[in-house]
Amino acid sequence: MAQKTLLIITDGIGYRKDSDHNAFFHAKKPTYDLMFKTLPYSLIDTHGLSVGLPKGQMGNSEVGHMCIGAGRVLYQDLVRISLSLQNDELKNNPAFLNTIQKSHVVHLMGLMSDGGVHSHIEHFIALALECEKSHKKVCLHLITDGRDVAPKSALTYLKQMQNICNENIQIATISGRFYAMDRDNRFERIELAYNSLMGLNHTPLSPSEYIQSQYDKNITDEFIIPACFKNYCGMQDDESFIFINFRNDRAREIVSALGQKEFNSFKRQAFKKLHIATMTPYDNSFPYPVLFPKESVQNTLAEVVSQHNLTQSHIAETEKYAHVTFFINGGVETPFKNENRVLIQSPKVTTYDLKPEMSAKGVTLAVLEQMRLGTDLIIVNFANGDMVGHTGNFEASIKAVEAVDACLGEILSLAKELDYAMLLTSDHGNCERMKDENQNPLTNHTAGSVYCFVLGNGVKSIKNGALNNIASSVLKLMGIKAPATMDEPLF
C-alpha cells in the first residue's frame, strides 16, 4: 500500500444534512461531486469528548489539529484547567501564587465568553475570586467575543462578570477581540487595546451602556472599540498581570506589547517591571510564569514520519500556519528532521468575506510543487471555509467553498498522475450552517461531523470515526506501522 501521501485539511467545511443556509451545499463544487461518486468516504467527529473537550463543546482549529497530529484523544486545556479549578487546585498553583503575591493590584485580561475556543468565562471568574481571597484589588480587562459565540451576546456575559464585582473587583477596560487578540501582526489594532490598558480612551458610560452604544452604531462584539471606564487610572509599574486565555496564538501580541523590553511595533508607555503570567505557554521566547504548562505529546504523525527518514512539507496561509506546524506537531515549535514548512501570506483585508478565495491559489501552487519534488508526506490546510464562515456572509462563504473546490481539483488530478495517496478531512465545521434557528447570522464553528475522503491503493471503504483516527490512517497509506500510542486507522 505504501504511497507518498497528501493530508488535506479543509478548515471549516463540515457535514450537515439540511441545505438551508448551508454554503457547502449551495456551492458549485465539481471536485467534491467527483469524490462523492468515486472515492470511499465517511463521517468524522470533531467535537466534544471525541477530541478531549467537554461533552457537546464545538471543536476548533487548535484542538482539531492537535488531535489529528497526535493520533489519539488529548485532554484539551479547557478540560484540564476546568478540572483543576473545580478541584480547588488554584490555591496551590505556584505560578499563580507567585504572580499575585508580588503586588496588591492584579490585572486579569481575557476573552469573556463560554465559547471554549480561546478561554472560558468560568476560568475568568475563578481567577478573580481566588485573587480576592488573597485580599487583592482586581482589575478586569474584558475582551468581547462575537465570533465563537453569537455576535451580540456580550451583555449576557457581562452580567456574569458584574455579579462578582464589588469594592475589590472592578471592570477596568473593554475591547473587541478584533483589536486585543490580533494574530496577523496588525499592531495598529493591538495599540488601541494597549492604550486602554494604560488608562487612555476613557468613556463616561458604564460597561453595559458602552456595549449598547456600540450596538447602536452597528458594531458587534468582535469589533467593539477599546475603552476604559471611570475610576481606572491605568496599569502601573510593579503590578501583576495574568492573561487568562488558554489558547496562545491570539494572546501573543498583546502580551509582547506589555512585557517585551525590545518592542518596536508601536510607540508605547513601557514598564520598568510588570509581573506577567500566562495561563498556558504562549511562546518559547516568553520568560513569564505559566499557570498550566503544556503536557508533552510524543510520537506525533510528523515525528513518526521523521523517524523513518522520510520528507514532509507542511503548507498553509498565515491564518492557519500555526495549526499545520505547531499544533499538528503536538505543540512543538521546531520542525522535525526533513520537515519543510511553507507559509503563504494571507491577503491584507479587514475581513475575509471581501476576498473569499483568500490565498488558496498560492497554497495550491506550493502543494503541486512539493508533489512534483516527490515529498513523502504533504500536510496542507485550506483556511477559506472557516475564515470566511466566521464573517457570517453566506454568499462569500459559497465563493470560499468554490475556491477550495477548484484547488482540490488541481491537486486530485496531479495525485492520480503521480500515484499519491490522499486523505481529505476537516478539523471542524463552520460554513455548512450560516444562520441559527432565529435566522440570525451564525459566525461560530458547528458541533457536528465532517467528511473524510480517502484515495489510496486498495482502499475500498472507510469507517466512521473521529480526528484521532486520522494519523494512523495516513501512516497506513504510507506503509508505516503506527505507534502503539495512536488509535486505530479508518480502514
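Numbering starts at 1 and runs along the chain as it is shown here.
Cβ atoms here come from the backbone N, Cα and C positions, even for glycine.
Listed by Swiss-Prot as binding Mn(2+) 2 are Asp11, Asp427, His428; the candidate from Ser61, Ser359, Ser473 that the record includes in that site is Ser61. Of all the binding-site residues listed here (Arg183, His445), it is Arg183 whose C-beta has the fewest other C-beta atoms within 10 angstroms. Using the Cβ center of Asp386, His390, His445 for Mn(2+) 1, the list of other same-chain residues with Cβ within 8 Å runs, in sequence order, Asp11, Gly12, Ser61, Arg147, Gly385, Met387, Gly389, His428, Asn430, Cys431, Thr443, Asn444.
If you count neighbouring Cβ atoms within 10 Å for each of the binding-site residues His118, Arg250, His390, the highest count belongs to His118.
Within 10 Å of Asp148 (substrate binding site), as judged by C-alpha distances, the binding-site residues found are His390, His445; the full candidate list was His390, His428, His445. Note: the CA-CA distance between Ser61 (active site, phosphoserine intermediate) and Asp386 (Mn(2+) 1 binding site) rounds to 9 Å.
Taking the mean position of the Cβ atoms of Asp11, Ser61, Asp427, His428 as the Mn(2+) 2 site, the remaining residues of that chain whose Cβ falls within 8 Å of it are Ile9, Gly12, Thr46, Gly59, Asn60, Gly64, His65, Lys320, His323, Asn381, Asp386, Ser426, Asn430, His445. His118 (substrate binding site) falls within neither a helix nor a strand when secondary structure is assigned with DSSP, and so counts as coil. Rounded to the nearest whole angstrom, the C-alpha distance between His428 (Mn(2+) 2 binding site) and Arg183 (substrate binding site) is 20.
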